[in-house]
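K.L.:
Encoded as structure tokens, here's the structure I'll be asking about.
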Amino acid sequence: MLPDWKSSLILMAYIIIFLTGLPANLLALRAFVGRIRQPQPAPVHILLLSLTLADLLLLLLLPFKIIEAASNFRWYLPKVVCALTSFGFYSSIYCSTWLLAGISIERYLGVAFPVQYKLSRRPLYGVIAALVAWVMSFGHCTIVIIVQYLNTTEQVRSGNEITCYENFTDNQLDVVLPVRLELCLVLFFIPMAVTIFCYWRFVWIMLSQPLVGAQRRRRAVGLAVVTLLNFLVCFGPYNVSHLVGYHQRKSPWWRSIAVVFSSLNASLDPLLFYFSSSVVRRAFGRGLQVLRNQGSSLLGRRGKDTAEGTNEDRGVGQGEGMPSSDFTTE
């Protein structure tokens, strides 16, 4: 168990992530669904839609983590709820890593081999890549859940209180720790290495092209930085806890804090969507305009602000490039 003040901080962090991540991802979901319905959607939009769905899965399960943190990490809900929550929560995290890697590959190919990319890209490729990411994450996390809940008849407790996915028997640790190590290698380090290479080449090409405008260069750098932060800040601590746990043969005390950082990716991904797609930038712009209109209506200035905001939104829509791929060189 963590001290009460640490549990309170984790509780507040979960609430902030939920309140910021849910509306932003819902806006992105609406934008990507609209783009996918158009003829011949780009593979990157299918991957971005899948990443949005992974974030929403995590956010929809986050209330159970909030209840757990509010109870000082004692689990009072049914055991099956713990199993399903853990399965979906951690599957969404590891699905995101390979989806981010897939997006980085698509971006790199789009600028490194623009002609071949435009001629060969198919929506089916995005669907296959997304399915592979989901199957890999669900398959790996299913192993961990089965080990925890079906490989023992002993109910694991912390003192007199039941915990969720925190304490294991020695027999469970013999299987869980190697599986966690494999998760760390296959679903974190490999996709991170792929992503770093692709975005290093992507940014280098974008910055070295004289015909690429300053705005597109800034978006390229922003996309790479946000993705790198996702891996290092959000996913890094949690996967390092797997390495430490394998060495110490127990979960480190700070693992629950690392899980919070993993959840943070659901609030950070909307920034990635913003840098990646013009349809999301327009959707976010319209969402902000609605908030401005509501605020101005309370102040009696709705008419003027609405007219100005509409003109600005039209300007953004006209100034963007091809919606299929913002970074593909012509």
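Counting starts with 1 at the first residue shown.
Cβ atoms here come from the backbone N, Cα and C positions, even for glycine.
Below, the features straight out of Swiss-Prot:
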TOPO_DOM  1-12  topological domain 'Extracellular'
TRANSMEM  13-33  transmembrane segment
TOPO_DOM  34-41  topological domain 'Cytoplasmic'
TRANSMEM  42-62  transmembrane segment
TOPO_DOM  63-84  topological domain 'Extracellular'
TRANSMEM  85-105  transmembrane segment
TOPO_DOM  106-126  topological domain 'Cytoplasmic'
TRANSMEM  127-147  transmembrane segment
TOPO_DOM  148-173  topological domain 'Extracellular'
CARBOHYD  N151  N-linked glycosylation site
CARBOHYD  N167  N-linked glycosylation site
TRANSMEM  174-194  transmembrane segment
TOPO_DOM  195-219  topological domain 'Cytoplasmic'
TRANSMEM  220-240  transmembrane segment
TOPO_DOM  241-255  topological domain 'Extracellular'
TRANSMEM  256-276  transmembrane segment
TOPO_DOM  277-330  topological domain 'Cytoplasmic'
REGION    299-330  region 'Disordered'
COMPBIAS  302-315  compositional bias 'Basic and acidic residues'
K.L.:
For the transmembrane segment (220-240) against the transmembrane segment (85-105), do we get 3 or more Cβ-Cβ pairs below 8 Å once near-sequence pairs (under 6 apart) are dropped?
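P.N.:
Since 3 or more Cβ pairs under 8 Å link them, the transmembrane segment (220-240) and the transmembrane segment (85-105) do come into contact.
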K.L.:
Have the transmembrane segment (174-194) and the transmembrane segment (13-33) got at least three CB pairs under 8 Å, pairs 6 or more apart in sequence?
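P.N.:
Checked: the transmembrane segment (174-194) vs the transmembrane segment (13-33), no contact.
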K.L.:
Which state, by DSSP, holds N167 (N-linked glycosylation site): helix, strand or coil?
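P.N.:
Assignment for N167 (N-linked glycosylation site) reads coil.
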K.L.:
Within 10 Å of the Cβ of N167 (N-linked glycosylation site), how many other Cβ atoms are there?
P.N.:
15
K.L.:
For the transmembrane segment (42-62), give me same-chain residues lying six or more residues beyond its boundaries with a C-beta closer than 8 angstroms to one of its C-beta atoms, as numbers and ranges.
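P.N.:
The answer is 14, 17-18, 21-22, 25-26, 28-29, 32-33, 35-36, 85, 88-89, 91-93, 95-96, 99-100, 102-103, 106-107, 110, 121-123, 125-127, 129-130, 133-134, 263, 265-266, 269, 272-273, 276-277, 279-280, 324-325.
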K.L.:
Per-residue pLDDT averaged over the topological domain 'Cytoplasmic' (34-41) comes to what?
P.N.:
85
K.L.:
Run through the topological domain 'Extracellular' (241-255) and tell me, per DSSP, how many residues are helix, strand and coil.
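P.N.:
Taking the topological domain 'Extracellular' (241-255) as a whole: 9 helix, 0 strand, 6 coil.
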